[in-house]
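Everything on this sheet refers to the single structure shown next.
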Amino acid sequence: MKFPYSPPTLTLAERMPSEICKKHIHTGYLRPHQPWSYYVISVFQANNQTLNVWTHVIGFLYIAYRSYDISLNCDFLHDPMFRPLGAGLLCILTLLAASSFAHIFGDRSEVAHYTCFCMDYDAIGLYSMGCALISQTYFVRGKGLAAFLVNWSRPGCIYLAVQFSVLLSFSKIRFGRAHKLCNIFRALAVYSSYFWFMLPLIQRYFWQSKCYHDNTLGLHIYHVILFQLNVLVYIAHVPERWFPTTFDFIGQSHQLHHIILVVSVDNFLNVTLEEIKSLSSIKFIKYMTGELGTVENSYGSVLLVICSDCVLIAVAALFAIMKVSHSLGERKHEQQCKSHTE
């Protein structure tokens, strides 16, 4: 098989569609409208997406190895106590795989860009759901909260995951990434999902009994700090904001965002295993897994969201095609008007 010729990368100002261009990244873009194989081969070449892909691929392989290592002692399929953990790991791995795909093919065209990153947003929503599945199964220590989450944990997780997908996909296609409303929708989706994830830890911090010492609560500080750091890195666009073109290939904020994400997930898994081992938590964990560790409440919830996401991706692709076709029509009309006036 003969590999296609790989043309050199382009600068932002030359020929790239504006929606594909990333903020403060000026060089290293792949040529649009090339064969699909061109973008696959680009993973092994120097461009501004190469490390974005590989930080996710390596992260995927590492978390997959950790999942396998945990599965040697925990039965994710048949033991209700560990099904929520298995479902959460499936969500995390789906994010890393889907985001890698989006970074590989997102520069091919405007339609491909919209479709790939709507898929990426859907995967982020699924990831937030997976983390909440784990949190609300293994981190609960209050009877009142446990009774509430037994009834509302899975409906809340499903709703927030779908909300995340709809808000971010709609705002990106309708307004564009740089629009203020897009940023507002993104913040609303992220922090509503994060509050739902943090609910057991908030309850433990503010309403823990004076006579009860929570031995494992302090362990959560690291993944909480890493999450906030990751948000800051993502929105600040540092260091490329300060040094134009210097970090377009290596060291840009999105690559740091990927690395911090994997470190955060690794720490989150370590804390989860410590929570499961804790003797003081075994009563609540057995109760929560007895209620939420069914196939329907664990893998069934994940499958439902994945099916919903597939429908949303198809709808987003249709809207993207309509938007791009409409913008092309407007450009042709403007060119015709200019030619007539001349």
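Glycine residues also receive a Cβ, built from the backbone N, Cα and C atoms like all the rest.
A TrEMBL annotation is a machine prediction, not a hand-curated record.
Some features that TrEMBL has for this protein:
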TRANSMEM  85-105  transmembrane segment
BINDING   His103, His254, His258  Zn(2+) binding site
TRANSMEM  111-134  transmembrane segment
TRANSMEM  146-168  transmembrane segment
TRANSMEM  188-207  transmembrane segment
TRANSMEM  219-237  transmembrane segment
TRANSMEM  298-322  transmembrane segment
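Overlay of TrEMBL annotations on the structure.
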{"residue": "His103", "record": "Zn(2+) binding site", "contacts (Cβ under 8 Å, 6+ apart)": "Gln49, Asn52, Val53, His56"}
{"residue": "His254", "record": "Zn(2+) binding site", "contacts (Cβ under 8 Å, 6+ apart)": "Lys22, Asn52, Tyr234"}
{"residue": "His258", "record": "Zn(2+) binding site", "contacts (Cβ under 8 Å, 6+ apart)": "Asn52, Thr55, His56, Gly59, Ser99"}
Contact set, same chain, for the transmembrane segment (146-168): CB under 8 Å, 6 or more residues outside the stretch: 118, 121-122, 124-126, 128-129, 132-133, 136-137, 140, 185-186, 188-190, 192-193, 196, 199-200, 284, 287-288, 291-292, 297, 301, 304-305, 308-309, 312
Candidate ranges 85-105, 111-134, 219-237, 298-322 - greatest C-beta contact count to the transmembrane segment (188-207) (under 8 angstroms): 111-134
Tertiary contacts of the transmembrane segment (219-237), as residues 6+ beyond its ends and Cβ separation under 8 Å: 23-24, 139, 190, 194, 198, 201, 253-254, 256-257, 260-261, 263-264, 267-268, 270-271, 274
Folded-back contacts onto the transmembrane segment (111-134), same chain, C-beta under 8 angstroms, at least six residues removed: 17, 19-20, 84-85, 87-92, 94-95, 97-99, 101-102, 105, 153-154, 156-158, 160-165, 168-169, 172-173, 189-190, 193-194, 196-197, 268, 272, 292, 298, 301-302, 305-306, 309, 312-313, 316-317, 319-321, 323-324
CB-centroid shell, 8 A cutoff, Zn(2+) site His103, His254, His258, site residues removed: Gln49, Leu51, Asn52, Val53, Thr55, His56, Ser99, Gln255, His257
Contact set, same chain, for the transmembrane segment (85-105): CB under 8 Å, 6 or more residues outside the stretch: 36, 39-40, 42-43, 49, 52-53, 56-57, 59-60, 63-64, 67, 70-71, 74, 76-77, 112, 116-117, 119-120, 122-124, 126-127, 129-131, 133-134, 137-138, 258, 262, 265, 269, 272, 298-299, 301-302, 306
